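Trainee: For reference, the structure I am asking about is given below.
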């Protein structure tokens, strides 16, 4: 019978040897990666039970303590559509604002933007999609009409010197249309970039992407948008999130979205499971010798906290492997 070895106090005994491994055969990799933590927004928005505001605030504060440079705090959407985000103003006002850390919020329209600014937002995000049917089911308009709705937000943001990040949903597949053309993703990304979004996050909303699809999609997008303005946002429905992210890194992308404990999904995407777990991403990047500035131990503690609060198990493989037995 095999014996079970308890985790060592540092919990992560393999990282030193991983860092020593050669990465010369993996192509050029960035020296540092900016991680955009989306757990408090994308991770929690689909939870069936309403998460208490103090829990959300503590989670964000713990993520700040862990050194995440960007933490998407909440979403200024209608409580009718996403009840979990009804406390958006209280959350944004209640968190500790750490120096050097950005706390963007999702603002789908002018009303949301105005409420976000009133609550102290310094950066906002808008959502586009590369799927016509997804856009209609999500926001009840065409892709072109969705851009028209963003015009007011972009103008107001420029006037207030507020940065805007753009998302492209369904970049590697759609729950309604199936395959999505890389050319369509490139077209939507180019439009968001030309409108003034400083960064475009390409999302595999339902997690159907593979490394080959990621390569083809990024190849098309890179003809329209500078690599420095791109990020990837992978869901792990088919267990491909880390592999897809690694392909993006090899192609020059140095910004990656992820969610603590692998929380999240998409309320409009049937079958979508959680996001790429931030713990797993940090572990991989550290093993590749890529700087993140994130304290993995503190990140694991944040994951433990929110999983206990939600009464659920973590989706992070690293957290599962290093838990106290």
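Glycine is no exception: its Cβ is also placed from the backbone N, Cα and C atoms.
Pasting the feature list from Swiss-Prot:
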- 1-27: transit peptide (TRANSIT)
- 33-300: domain 'Pyruvate carboxyltransferase' (DOMAIN)
- 41: substrate binding site (BINDING)
- 42, 233, 235, 275: divalent metal cation binding site (BINDING)
- 48: N6-acetyllysine (MOD_RES)
- 48: N6-succinyllysine (MOD_RES)
- 111: N6-acetyllysine (MOD_RES)
- 137: N6-acetyllysine (MOD_RES)
- 137: N6-succinyllysine (MOD_RES)
- 179: N6-acetyllysine (MOD_RES)
- 179: N6-succinyllysine (MOD_RES)
- 266: active site (ACT_SITE)
- 324: N6-acetyllysine (MOD_RES)
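Each of the listed features needs to be described in terms of its position in the shown structure.
Mentor: Under 8 Å, Cβ to Cβ, and six or more positions away along its own chain, residue 41 (substrate binding site) finds 72, 73, 74, 75, 85, 105, 106. Secondary structure at residue 41 (substrate binding site), as computed by DSSP, is helix.
Around the Cβ of residue 275 (divalent metal cation binding site), a 10 Å sphere holds 31 further Cβ atoms from the protein chains shown.
A simple way to gauge crowding: the CB of residue 48 (N6-acetyllysine) has 7 other CB atoms within 10 angstroms, across all the protein chains here. DSSP assigns residue 48 (N6-acetyllysine) to coil in the three-state reduction, outside any helix or strand.
In three-state terms derived from DSSP, residue 111 (N6-acetyllysine) belongs to a helical segment. Every protein chain shown contributes to the tally, and the Cβ of residue 111 (N6-acetyllysine) ends up with 13 other Cβ atoms within 10 Å.
In this structure, residue 137 (N6-acetyllysine) is part of a helix by DSSP.
Here the Cβ of residue 137 (N6-acetyllysine) has 15 other Cβ atoms within 10 Å, regardless of which shown protein chain they belong to.
Sequence-distant neighbours of residue 179 (N6-acetyllysine): residues of the same chain at least 6 apart with a C-beta under 8 Å from its C-beta are 173.
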Trainee: Per 10 Å Cβ neighbour count, which of the binding-site residues 233, 235 ranks highest?
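Mentor: Selected residue: 235.
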Trainee: Quick one: give me the count of other CB atoms within 10 A of the CB of residue 42 (divalent metal cation binding site).
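Mentor: Other Cβ atoms found within 10 Å: 26.
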Trainee: Between the Cα atoms of residue 48 (N6-acetyllysine) and residue 137 (N6-acetyllysine), what distance do you get, rounded to the nearest Å?
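Mentor: That comes out at 21 Å between the alpha carbons.
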Trainee: State the Cα to Cα distance, in Å, between residue 233 (divalent metal cation binding site) and residue 111 (N6-acetyllysine), rounded to an integer.
Mentor: 26
Trainee: Which whole-number value in Å describes the distance between the Cα atoms of residue 137 (N6-acetyllysine) and residue 111 (N6-acetyllysine)?
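Mentor: Here the two Cα atoms lie 21 Å apart.
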